[in-house]
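Undergrad: Heads up, here are the entries from TrEMBL:
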type	residues	note
BINDING	A:C521, A:C524, A:C561, A:C564	Zn(2+) 1 binding site
BINDING	A:C530, A:C533, A:C548, A:C551	Zn(2+) 2 binding site
DOMAIN	A:293-459	domain 'Helicase ATP-binding'
DOMAIN	A:556-709	domain 'Helicase C-terminal'
Amino acid sequence: MSGSKSIAQVIVDVPTKATDRPFDYLVPEALMSEVRLGCRVKVPFGPRKVLGYVVGLKDEAETPRLKAILDVLDFVPPLTPELVRLGFFMADEYMCHTMTALASMVPAVLKGTYEKVVRLHPEVDAQADSLLTLSAAPLLTHLREKKECLWDEALTLVANDAPLLRQLAEAKWIQVEERIGDRVTRQKVMWVRPKQSVNQLKQTLEQLSGRAKRQQEVLRYFIRHPEEIPLSSLLTELQVVRSTIQKLVELDALAWEEREEYRDPFKDRKFQPTKPLSLTEEQAEALQAIVQPIRDRRYCSVLLEGVTGSGKTEVYLQAIAEVLNTGREAIVLVPEISLTPQMVERFKGRFGDQVAVLHSGLSSGERFDEWRKIRRGEVKVAIGARSAIFAPFQQVGLIIIDEEHESSYKQEENPKYHAREVAAWRAQYHGATLVLGSATPALETYYHASLGMHEWVTLKERVHGRPFPAVKIVDMREELRKGNRTMFSDTLREELLACVERGEQAVLFLNRRGFSTFVMCRECGETLMCPHCDISLTYHQTNRTVRCHYCGYAERVPQTCPSCQSQHIRHFGTGTQRVEEELARRFPGVRVIRMDVDTTSRKGAHERLLKAFGEGKADVLLGTQMIAKGLDFPKVTLVGVIAADTMLHLPDFRAAERTFQLLTQVSGRAGRHEKPGKVIIQTYSAEHYSIDLAASHQTETFYKQECFMRKQHEYPPYCSLFTILISHPDRVTVMRTGQEMARQIQTGMPAECQLLGPVPAPIPRLKDRYRLQMLVKYQAERGHALMLKPLLREVVAMFDDPELRISVDRDAGELMEIRDGW
DNA sequence: TCCTCTGAAGCC
DNA sequence: GCTTCAGAGGAC
């Protein structure tokens, strides 16, 4: 190996097409031990300096004019070798830049910040002041006072004369430094400990001058408590100052050191330790199916189909215990909205401080701390929402995806990954077991299981043999014919009153997806629309504003119609706020807690409201999507669905599947304990199979029917999809581009593939951009993706108008744009 | 003739 | 994405 040089291959933080490949850099002798696979480095790139990830290391004899790595930013590489490989897989699979894929796997604080700082050059000649050009004077004066400033400030001080700054730097008047750092500094805490034995401390105490009262006090403290203590606690406890301690450190009596401290988000919470519960026969069988491949250390995916209330979580917990016994780690994914304190408590209760929790409620610093516990192997279980799938464990034995059908496992931004697919990749890499748990699996999971691609275990019974709630469908068209024009059917009204009278609780569910409160003029029929998007504005009572839920535009509700000046302008629709008003009017005295984006936007509000409901401070919990799952309140005996079909008519081929899943989940909230539950579903489409079959708990029949429908219309899982969405500020340009792009794809794609569109996207205009979409249906098992991916990449590259935005998504991501909660 | 503006080409 | 550099067109 004599004469050969060490080379690092680096993916640079310049996410563009042209730079989306590794660049080679020399590893300087001094950094040899620090430059490791997966760590972040600072490298020169063109005329500037950027951050990059080391994705490969090699030795080479010939190194034609390579630049060298400038610095290493991590002691422990944030990416394991496995995650580096996963990054390349994702870049290919989800058609994104490698840097984008790599960056998505680490906490946001490691994304790096760039700072260009200007300073006086240390060798600047004071006498040279006379040479100062007039235009540089303000900057140099400023630097004399402040020592340094940001590049942009410096530019302002020289009237935006960038060449002048360059000249000043060349003439060694100023120094320009590009700083690359983390977004937050790690929290550091000073610890103080005695450096001498108690006897030595006593000697030191006697040698102290009589005047050093404070120092004596501190020494006496350590003689009483010869243990380490955080500096801040010591200072407050003894009412001394830092310099007192410093003196004693200088005397070698004490020692202090800075230590990184974890911000523990659960610091003040006690978790009740729990023991494994005894399992039902079904549960035991399911557990066995999961545990066997864990013991064999082979890759295996298991669909755990368990009805609501069948005790899936206990199966998860015992499977995890088994993995920990084999010395390996477990990742648990749950949808963000069900990452409730109830859920966290169960895991913390069983596995204590072996658990790291990652969810969006944490500050970026707290998130980083939890992540570091995983990276350092200080915990064995990671539980979190979608991005927790990247938990940097090195011995993964089990990955569990709870409520695997949830759409929140699909990331809508680049990289547009599905956590289920990433999980399958990681499980295969590690020879781990993948568990997909749900009462209502995604249709494709169901289909794959039926083809034998997953092991398939079912939990058909609720624990303790509790019966399923009785579900009644109320046809709202009938109600209208009877003359009931309110949003509560007679049945729901009676049941609700009876429920409250019995002292029990009810949950009212309003599916606002695609159906929110809008403002319309009764005179001319004009609806208030967002000036930037083709979307009607949503009415918010709290501050009497209308808002666009897509771009955030907000304005006060106008007094008169902007189009005809009529005063008869008012809000329509069935937002949660209106249901709440109506409840107050029709059921005086009934206490309601409303949960929606308005009431839960503040940190911790979600938790607080649920706690209040659990403590019986309200009779009715009214809410959107966010109350559909995970909740388990013993006193809830009635569940009402105000309008079951609001999302049935969205332009989404999964509309029926979503409706079925949601209704099944909501119904599962009732009668989970001693008292039997009742569910009332109000709908205008009573005959639709998704509503009917959810009401009668006929899961199997629904899936068969839905598979039939998908096959008829050639939709997934019977084909695979690419969605291409293009947007442009100009309507004509986007249409012309769309046509041309479609022609290119059509010509290049395999003949068996099918191109649909371009057609206007479900939201034809968003944030002042016109949007078109195209759909390519293909057969993955015939290898079409292998041809389509390069083709789409090529076609996308051909249209490089900076105003044009193109997004390519496997599957139909765009149609799911309407997010839960809104 | 010099200067400014704009677009394209690297970047290891 | 940013910087530089070259080539075009404009003002003097």
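Placed from the backbone N, Cα and C atoms, the Cβ positions cover glycine too.
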Undergrad: List the residues of the same chain that sit at least 6 positions away from A:C548 (Zn(2+) 2 binding site) in sequence and have their Cβ under 8 Å from its Cβ, in sequence order, or write 'none'.
TA: A:C530, A:H532, A:C533, A:I535, A:L537, A:T538, A:A554
Undergrad: What is the separation, in Å, between the Cα atoms of A:C564 (Zn(2+) 1 binding site) and A:C551 (Zn(2+) 2 binding site)?
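TA: A:C551 (Zn(2+) 2 binding site) has its Cα 26 Å from the Cα of A:C564 (Zn(2+) 1 binding site).
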Undergrad: So of A:C530, A:C533, A:C564, which of the binding-site residues has the fewest other Cβ atoms within 10 Å around its own Cβ?
TA: A:C564
Undergrad: Measuring Cα to Cα, how many Å separate A:C521 (Zn(2+) 1 binding site) from A:C551 (Zn(2+) 2 binding site)?
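TA: Cα of A:C521 (Zn(2+) 1 binding site) to Cα of A:C551 (Zn(2+) 2 binding site) measures 23 Å after rounding.
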Undergrad: An 8 Å radius from the center of the A:C530, A:C533, A:C548, A:C551 Cβ atoms defines the neighbourhood of the Zn(2+) 2 site; name the other residues of that chain inside it, in order.
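TA: Same chain, not in A:C530, A:C533, A:C548, A:C551, Cβ within 8 Å: A:P531, A:H532, A:I535, A:L537, A:H549, A:Y550, A:G552, A:Y553, A:L766, A:K767.
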Undergrad: Looking only at DSSP and grouping its letters into three states, which state does A:C533 (Zn(2+) 2 binding site) belong to?
TA: coil
Undergrad: List every residue in the same chain as A:C551 (Zn(2+) 2 binding site), at least 6 positions away in sequence, whose Cβ is under 8 Å from its Cβ.
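TA: Looking at Cβ-Cβ distances below 8 Å from A:C551 (Zn(2+) 2 binding site), excluding near sequence neighbours, one finds A:C530, A:H532, A:C533, A:L766, A:K767.
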Undergrad: Using a Cβ-Cβ cut-off under 8 angstroms and a sequence gap of six or more, which residues of the chain neighbour A:C561 (Zn(2+) 1 binding site)?
TA: A:C521, A:E523, A:C524, A:E526, A:Q567, A:H568, A:I569
Undergrad: Test of understanding: give the count of other CB atoms lying within 10 angstroms of the CB of A:C521 (Zn(2+) 1 binding site).
TA: 21
Undergrad: If H, G and I count as helix, E and B as strand, and all else as coil, what does DSSP give for A:C521 (Zn(2+) 1 binding site)?
TA: strand
Undergrad: I want the residues beyond A:C521, A:C524, A:C561, A:C564 whose C-beta is within 8 angstroms of the mean position of the Zn(2+) 1 site's C-beta atoms, in chain order.
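TA: Counting only non-site residues, the set is A:R522, A:E523, A:G525, A:E526, A:P562, A:S563, A:Q565, A:S566, A:H568, A:I569.
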Undergrad: For A:C548 (Zn(2+) 2 binding site), what is the secondary structure state per DSSP, taken as helix, strand or coil?
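TA: The three-state answer is coil.
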Undergrad: Near A:C524 (Zn(2+) 1 binding site), how many other Cβ atoms are within 10 Å of its Cβ?
TA: 13
